[in-house]
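Listed features, source TrEMBL:
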type	residues	note
BINDING	Ala25, Val26, Asn30, Ser254, Asn286, Leu405, Ser409	Na(+) binding site
TRANSMEM	43-64	transmembrane segment
TRANSMEM	85-107	transmembrane segment
TRANSMEM	170-188	transmembrane segment
TRANSMEM	200-224	transmembrane segment
TRANSMEM	244-268	transmembrane segment
TRANSMEM	280-301	transmembrane segment
TRANSMEM	396-418	transmembrane segment
TRANSMEM	439-460	transmembrane segment
TRANSMEM	466-489	transmembrane segment
TRANSMEM	510-529	transmembrane segment
TRANSMEM	556-581	transmembrane segment
Amino acid sequence: MEMEKDARPSWDNPMQFVLACVSYAVGLGNVWRFPYLCQMHGGGGFMIPYLLMLILEGIPLFYMELAIGQKMRLGSIGAWSAINPYLGGVGIASVVTSLYLCLYYNVINAWSFWYLFHSFQSVLPWAECPVNSNQTGYIEECEVATPTQYFFYRETLNISPSIDDNGRVHMGQALCLVLAWMIVYLFIVRGVKSTGKVVYFTATFPYVVLIIYLIRGVTLHGAMNGVKYMFTPKLEQLADPRTWINAATQIFFSLGLGFGSLIAFASYNHHNNNFERQAIVVSLINSSTSIFASIVTFSIYGFKATFNYESCLERMRLLLLNTFDMAEDTITLDNVDYWITELNRTHPDQFANLAPKLDTCDLVAELDTAVEGTGLAFIVYSEAIKNMPASQLWSVLYFSMLLLLGMGSMLGNVTAIITPLRDFKVLARNFSNETLNGLVCVFCLLLGLGFTTRSGNYWFTMFNEYGATFSLLFIVLIEIITVSYVYGLKRFEKDIEDMLGHRPNWYWKIMWAVVSPVLLISLFIFYIVDYIRGGTPTYQAWDAVLGKSVVMEYPWYGQAFIALLLVSSVCCVPITALYAFCKKKQKEAKSVPRHEHTVSTVSVV
């Protein structure tokens, strides 16, 4: 099938392209994944492997994908088919992976809409437990959990006790998902022309909110406890291989490598656009945003941890005062620990009866409690926000920021699907931009409705953990090997010289030829070994009786679906190569009777 390359639209100016890349790369992972990794791997010490991996892996691969897109002026399928007819499957694998991402990623935007709409109330609905149907007390599930957990798991998800219990579609969530896809469609309706206008807002407004939150965050009581915790390096963590592996994977996924989005965006550049400078700028902005967002997050962590720590001390203070009939001002928050030790010494029998009611109050333990993903974004942050003055305002700002971060990434995700499709002449001739974009959005919406059922969050987790990681490592590994050793670095250098007027320096060549491939092979092997050693895949199921998540094994069909997710995109590469080989042999066979010995060019469907 022929590719459409003529009369290709372009960005109005280089700034639009940079903002589109920033909007795409700076996403939810910067807010909820990077702070978690800092917390897990030694605070400020994690910056060392993170920045090293940025230099050794992130920037060179980002540069490479921009160069391919700008040179070929085609989406991922067309670009890789042009490089080598047998490699069209690399582009198809990127499209399939982007499709998986689109299906569940916009569900997060639907949750953001849900929380945003519920923020316009005199009392935030996750600030306190709702009253039961008899009006005699609070709902039991909320009492054994927390109001923020109850609102997320019951009100937002109406989650089932396991993946086996499907249940009906949550109508509120379904409507929010429809709204999310409608907005995505409006953002991309005219392709690069409409996307180029939208990114001015989606790329900049989150920074406005982050700056506002930073100013507010560092003024909160206890915020400095969190910031100090972040910047206090635990250098012993550098001896743990997982620290380095997580730094590499965070750089890899944060920049959005392998999805085809960067190739698609770059394909709309003018031929002589300076993508080298843009690759460095966008990569540095992305990593700087992660660090900046972490300062904001840890100031919120510090506030929440200090609030919980002092609440614990206050409970212990009141317990001691009431048990031992002491004067109100005898025990303060500062000397609770002293009085616990003293009363245990002077009243051992009475204190022994009290011991089961005593909690251990530890600020460091509170700060050590690591939460990532939706747990951080929709539970921990919500819990901190409800304790702030003017909590409704901060809630609206926060979920507006989450929404724009998610929408900005969705622009790149959907573009990675639509651009290769529009490159096929048969689709370009028969469907307008508006129609094709609409069909893709409707298709993703209909499949995504499955995530709004009662068991939908378990399938969401499955897609999030297994839908992209393995396939992206494989895709980018094939990309770097192809460019360095199949297409050839000499040819690639000439292509870059043709666009920029100079060849890439020694740094880029060493990274592409040796360092990046070795790192990617190491990550790929580690992922496979880790998956095999992990045993039966498990998930976190919500137990309404206990009011907490419990670990459960995926049923047989869940494990089969995980295997399908892992191989479905990867297998596109060998299948497409085999198809291209068979087509080539078929054409050669037909040419023999006519004594034609020229090798035909193979085009990939």
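Yeah, the Cβs are placed from backbone N, Cα and C, and that goes for glycine too.
Keep in mind that TrEMBL annotations are predicted by a computer and have not been checked by a curator.
Shown here: features listed in TrEMBL, placed on the structure.
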residue: Ala25; record: Na(+) binding site; contacts (Cβ under 8 Å, 6+ apart): Ser254, Leu255, Gly256, Val282, Ser283, Ile285, Asn286, Gly412
residue: Val26; record: Na(+) binding site; contacts (Cβ under 8 Å, 6+ apart): Ala203, Pro206, Ile285, Asn286, Thr289, Leu405, Gly408
residue: Asn30; record: Na(+) binding site; contacts (Cβ under 8 Å, 6+ apart): Ser254, Asn286, Thr289, Ser290, Ala293, Leu405
residue: Ser409; record: Na(+) binding site; contacts (Cβ under 8 Å, 6+ apart): Ser23, Tyr24, Gly27, Leu28, Tyr105, Gly256
**OP:** Given the cut-off of 8 Å on Cβ pairs that are 6 or more apart in sequence, determine whether the transmembrane segment (396-418) and the transmembrane segment (85-107) share at least 3 such pairs.
**Re:** yes
Subject >> Residues of the parent chain within Cβ reach of the transmembrane segment (85-107), under 8 Å, 6 or more residues beyond its termini >> reply: 75-79, 173, 177, 180-181, 184, 258-261, 263, 406, 409-410, 413-414, 416-417, 420-421, 444, 447-448, 451-452, 456, 459-460, 463-464, 467-468, 471-472, 474-475, 478-479, 482, 486, 565, 568-570, 572-577, 580-581, 584, 601-604
**OP:** With pairs restricted to those 6 or more apart in sequence, evaluate whether the transmembrane segment (200-224) and the transmembrane segment (280-301) have 3+ C-beta pairs under 8 Å.
**Re:** yes
Subject >> Remote residues contacting the transmembrane segment (244-268) - C-beta distance under 8 A, at least 6 residues beyond either end >> reply: 8-11, 17, 20-21, 24-25, 27, 29-30, 33-34, 37, 40-41, 46, 49-50, 52-54, 57-58, 61-62, 65-70, 72-76, 79, 91, 94-95, 97-98, 101, 192, 238, 275, 283, 286-287, 290, 409, 412-413, 415-416, 418-420, 468-469, 471-473, 475-476, 479, 519, 523, 526
Original post:
Hey, for the Na(+) site built from Ala25, Val26, Asn30, Ser254, Asn286, Leu405, Ser409, who else sits with CB inside 8 A of the CB center?
Top reply: Val22, Tyr24, Gly27, Leu28, Gly29, Gly256, Thr289, Ser290, Gly408
**OP:** Give the number of CB atoms, excluding that of Asn286 (Na(+) binding site) itself, located within 10 Å of its CB.
**Re:** 24
**OP:** Determine which recorded stretch among 43-64, 170-188, 280-301 has the most C-beta pairs below 8 angstroms with the transmembrane segment (510-529).
**Re:** 43-64
Subject >> Same-chain residues near the transmembrane segment (170-188), Cβ under 8 Å, at least 6 residues beyond its ends >> reply: 106-107, 109-111, 113-114, 117, 156-158, 194-195, 198, 202, 407, 410-411, 414-415, 418, 437-438, 441-442, 444-445, 448-449, 451-454, 456
**OP:** Report, as numbers and ranges, which residues of the same chain sit near the transmembrane segment (43-64): CB under 8 Å and 6 or more residues beyond its ends.
**Re:** 37, 229-235, 237-238, 243-244, 247-248, 250-252, 254-255, 257, 262, 275-276, 279-280, 282-283, 287, 291, 476, 479-480, 483, 504, 508, 511-512, 515-516, 519-520
Original post:
Are there residues at least 6 beyond the ends of the transmembrane segment (280-301) whose Cβ is under 8 Å from a Cβ of it, and what are they?
Top reply: 18, 21-22, 25-26, 30-31, 34-35, 38-39, 47, 50-51, 54, 58-59, 62-63, 207, 210, 213-214, 217-218, 220, 223-224, 226-227, 229-230, 250-251, 254-255, 367, 376, 380-381, 384
